[in-house]
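This report concerns only the one structure given below.
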Amino acid sequence: MDSDMDYERPNVETIKCVVVGDNAVGKTRLICARACNATLTQYQLLATHVPTVWAIDQYRVCQEVLERSRDVVDDVSVSLRLWDTFGDHHKDRRFAYGRSDVVVLCFSIANPNSLHHVKTMWYPEIKHFCPRAPVILVGCQLDLRYADLEAVNRARRPLARPIKPNEILPPEKGREVAKELGIPYYETSVVAQFGIKDVFDNAIRAALISRRHLQFWKSHLRNVQRPLLQAPFLPPKPPPPIIVVPDPPSSSEECPAHLLEDPLCADVILVLQERVRIFAHKIYLSTSSSKFYDLFLMDLSEGELGGPSEPGGTHPEDHQGHSDQHHHHHHHHHGRDFLLRAASFDVCESVDEAGGSGPAGLRASTSDGILRGNGTGYLPGRGRVLSSWSRAFVSIQEEMAEDPLTYKSRLMVVVKMDSSIQPGPFRAVLKYLYTGELDENERDLMHIAHIAELLEVFDLRMMVANILNNEAFMNQEITKAFHVRRTNRVKECLAKGTFSDVTFILDDGTISAHKPLLISSCDWMAAMFGGPFVESSTREVVFPYTSKSCMRAVLEYLYTGMFTSSPDLDDMKLIILANRLCLPHLVALTEQYTVTGLMEATQMMVDIDGDVLVFLELAQFHCAYQLADWCLHHICTNYNNVCRKFPRDMKAMSPENQEYFEKHRWPPVWYLKEEDHYQRARKEREKEDYLHLKRQPKRRWLFWNSPSSPSSSAASSSSPSSSSAVV
């Protein structure tokens, strides 16, 4: 009913617009975007094309479509009626062409054949059925000109013909055909919501101008303009690539545990029951146990062990005056709580004392973790007797021992353990000291608790108590706390060089490190120190082209799994070193740190173009591909500025990079050409309009008076006898 009223309204011009073109060029999508305000999702864009026609009766059954058909163009109220058609060449479209006011002829910029059919098939057909109707040429699917065609083709159905880059038509191709046919040319994208209003507003203008020639008495058509020029579409600026840091290397606990089974670079021999020898590593034992830390810092050549306040050294966490005493006091309180929770059991020191060959008896512990200060005796050479210093140890001394893997003699520390310590439970304790974990299925939990008490490893006592109380799930938090504490202790040992067994000679100095930690965290280091190389048997390793700041960052990463920056750190040199050591996770962390710094500098209005040019080829050569992609993006999106400031450097780029710049530069070349053409055409249009306005006579005669016109009233007053008005 409302649709009939549109035809009856005297000042509403009803425009019939027929949309034609090949199949799958986007005719129906374009109509739906105008009539229904429909948008196209990525899924719909890539879906298999199904031939459809938008029904004209939507104007009768849908009030929203009818409301959207009404518009005002150049002060003229119009009602636009869109007619969709099939694109098959054999279809009979004479009914659709009947009484059409304007024809919109569509082709796809990704299908050259559809543009060829514009001249050979569609335009002749239009002129045959409606020779007086104006025609508008429209290039659809503009978004494919800047889309990632590889991703588009992957997402399409398997048998669909892929879109090739050389098939994408530049704007001048469509403009040439339009100029040859003498019709306006526009481009649209339903995905980008560009050009839809331009197409139909100018189609309305073309129809109204054609109608004005026949219905010259309609004064409201006097100010209708000819179809306007379309400003070129600037593709959206591509977002910078996101630096993705992969998950850190797994099996962080497996590698230290493997060092117990395969004691590479071992420097400690633990002797149990005079016959069992277990090889271990100072750095792992001392960073997991305060007792072992004090033990390995003892002076074995001079002086006498005084008491609990002079154990020969203090733990890395106990180095700050009064906080040292507070730490021991706090530690004892926690030890008492752990002992109470685990029932404070202990194993008799010998089977004979417990009553022959029966099982080991349990008795309440009397040490409670307090160091005894009765002094120690001395062994011949470098060594000490420790039985009065701790119940866990008998003696410690340095001696030449055969390496279990290389079979070469070298100096090691030999520690004889108390006879009550059994090999099986002690290995479980060592596994905890290396990994922070305790197997719930361990059978000798009592003996493990006994050893943990002797070594004052109260967290392990707590874990045993949790298992006995069926609360093993609580051990996960203890393990996490273990790793946090050991990470802090390892960092202090790295800073002070405590227990180091290798020194790296660098360009600007030396830095001490620990082979066991390096072997368990880096395959490259494991191959160097564990293989048939000179570095495996020497305490000094030369690292050329490496600075202390870079090596310190690498060591902290290998020791703690975290990246730590410093003011004197060179990002690119660190990436080079990390790539040499086959550490892709550290490379990614450094890439992220570098990109963050560059983006912060950009926000502070600092020019980073020169740095990006330097980083680009270095990053590509040293496998920092994410940083290289970011540099490529920055250069492409600032291409003109970079070329203006660094012309020689840009010309010296590799052919691959130059090809990438030409393909992905923003704004693209086709846009710059279109912008230049648009500005020239706009100036020509303004000049034509000025000349046209200048040629028009200033006084025109009308058939009736126009009392509202000031010029007519002036003319009437000057010539009262005249029956006409001049405007």
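A Cβ is built for glycine as well, from the same backbone N, Cα and C atoms used for every other residue.
Per Swiss-Prot, the features are:
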{"type": "REGION", "residues": "1-210", "note": "region 'Rho-like'"}
{"type": "BINDING", "residues": "21-28, 84-88, 140-143", "note": "GTP binding site"}
{"type": "DOMAIN", "residues": "266-442", "note": "domain 'BTB 1'"}
{"type": "REGION", "residues": "304-333", "note": "region 'Disordered'"}
{"type": "COMPBIAS", "residues": "315-324", "note": "compositional bias 'Basic and acidic residues'"}
{"type": "DOMAIN", "residues": "500-567", "note": "domain 'BTB 2'"}
{"type": "REGION", "residues": "703-727", "note": "region 'Disordered'"}
{"type": "COMPBIAS", "residues": "706-727", "note": "compositional bias 'Low complexity'"}
Cβ-based isolation winner (fewest other Cβ atoms within 10 Å) among the binding-site residues Ala24, Leu142: Ala24
Thr85 (GTP binding site) CB neighbourhood, other CB atoms within 10 A: 19
Count of other CB atoms lying within 10 Å of the CB belonging to Lys27 (GTP binding site): 28
Gly21 (GTP binding site): tally of other CB atoms within 10 A of its CB: 24
For the domain 'BTB 2' (500-567), the number of residues DSSP places in helix, strand and coil: 32 helix, 13 strand, 23 coil
